[in-house]
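Right, one structure below, let's go through it.
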């Protein structure tokens, strides 16, 4: 069988799903960074208008922390909704439904200043978080199921690419001369509704995931049509056969809930790997690096006004490296990129700690710190950022995939939430040495990947499943059947 080419339908579906959903995730991560001071002032002003006195410093910081971290908390809630929604509405249906959680908060945030209400912003951050939580799980799932196996890696990295593009766009619009000013910030926050509106208009014309149609909906004709549209030719027999095989293996399993996911020996290493990769991705300090970047640049003698441009530069490097990852992931494979990425991050954290500690004693040290930040961003964009979500799609079969995304997503967002809330305090306590914690986490994750995670490039879902079956030391499908018989309340009603 000739490897399948990238058809127009497939590439457009990828772009629309990623731009409509993943882009907003990136945009909303970074958007509150630039207008932070102006928005805090607005909180203070609003409070004063109501109570005739200003908020004290601690409460203001807390309110602001809450506004920022409502986003990952919403992401956690969104991840919990993934399973029920993708099985009820389908992958595409969930993405369309998800736009509610983007358009409503965009309108609320856009009007918050006129309405003189900062509560609207906090509620919106929660809603936008739910949107990001759903999309960060559903887009990789949708694209992974649309793509032929030789393009799965490349298309699986596209959501991450759009996340980085979203961050970059937020940084550019967030320049003080554009929208991060007294008049512009509500518009800056409200722009997130535009990609959602576009997706609502365009995505309905594209096919639903053929795997979902055949396996969950049992609708063979629709699945065949979707595949023909996506592949651009009529001979989809062998691929239908492969999905059917997966379906057979799945029939034994029924639908797997999160609880069952943890109790099944045949999925043990997959679940552990996902938790470690998602935890490692967030706890390796990528948010902290972005958070700390401004101080690092300032202490390196970058002019206060120019810091924002350097930040945009970092954002651009991030996008460029993710573009590289899209092309490299099918050549080098997933495992190499993960190992490379985490090792680079480990090295960068170590050198950065030293550089920050010696900052004031050696004149050229600040430049080393800048180089470290950039190396770190490059390393993270190559492996840790894009690959974990792609791997969830690859190492779980259809019935356990939604539950796996719920677990991976929850770990991702809770770690994100934790870093966002706790890091400012660690920073006060440990100063430059706070990066040692991240270095240790990067190192441990690297060792785990080296010992456990197999290469999944160019394999079918069934072949990948067999590698793990050996690792879990269970016989093929037979055991899954037996395990489920012992499992008292099975969703398939055995």
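Every residue gets a Cβ built from N, Cα and C, even glycine.
Here the structure is a predicted model, which means the values were calculated and not measured.
Copied over from TrEMBL:
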- 14-457: domain 'Major facilitator superfamily (MFS) profile' (DOMAIN)
- 1-18: signal peptide (SIGNAL)
- 62-83: transmembrane segment (TRANSMEM)
- 95-115: transmembrane segment (TRANSMEM)
- 121-143: transmembrane segment (TRANSMEM)
- 155-173: transmembrane segment (TRANSMEM)
- 185-206: transmembrane segment (TRANSMEM)
- 269-292: transmembrane segment (TRANSMEM)
- 307-329: transmembrane segment (TRANSMEM)
- 336-358: transmembrane segment (TRANSMEM)
- 364-382: transmembrane segment (TRANSMEM)
- 403-426: transmembrane segment (TRANSMEM)
- 432-453: transmembrane segment (TRANSMEM)
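Outside the transmembrane segment (364-382) by six or more residues, the chain places 164, 284, 286, 289, 293, 296-297, 299-301, 314, 317-318, 321-322, 324-325, 328, 337, 340-345, 347-349, 351-352, 355-356, 358 with a CB less than 8 A from a CB of the stretch.
Scored by C-beta pairs under 8 angstroms, the transmembrane segment (336-358) has its highest count with 432-453, from the stretches 155-173, 269-292, 307-329, 432-453.
Outside the transmembrane segment (62-83), and at least 6 residues removed from its termini, the chain residues within Cβ reach (under 8 Å) are 28-29, 32, 36, 39-40, 43, 55, 94, 101, 118, 121-122, 125-138, 257-258, 402-403, 405-406, 408-410, 412-414, 416-417, 420-421, 424. Taken as a whole, the domain 'Major facilitator superfamily (MFS) profile' (14-457) shows an average pLDDT of 86 in this prediction.
Contact between the transmembrane segment (121-143) and the transmembrane segment (403-426) is supported by 3 or more Cβ pairs under 8 Å, counting only residues 6 or more apart in sequence. At the 8 Å Cβ cutoff, the transmembrane segment (269-292) and the transmembrane segment (95-115) share fewer than 3 close pairs (sequence separation 6 or more) and do not count as touching.
Below 8 A, the CB atoms of the transmembrane segment (155-173) and the transmembrane segment (307-329) form 3+ pairs separated by six or more positions in the chain.
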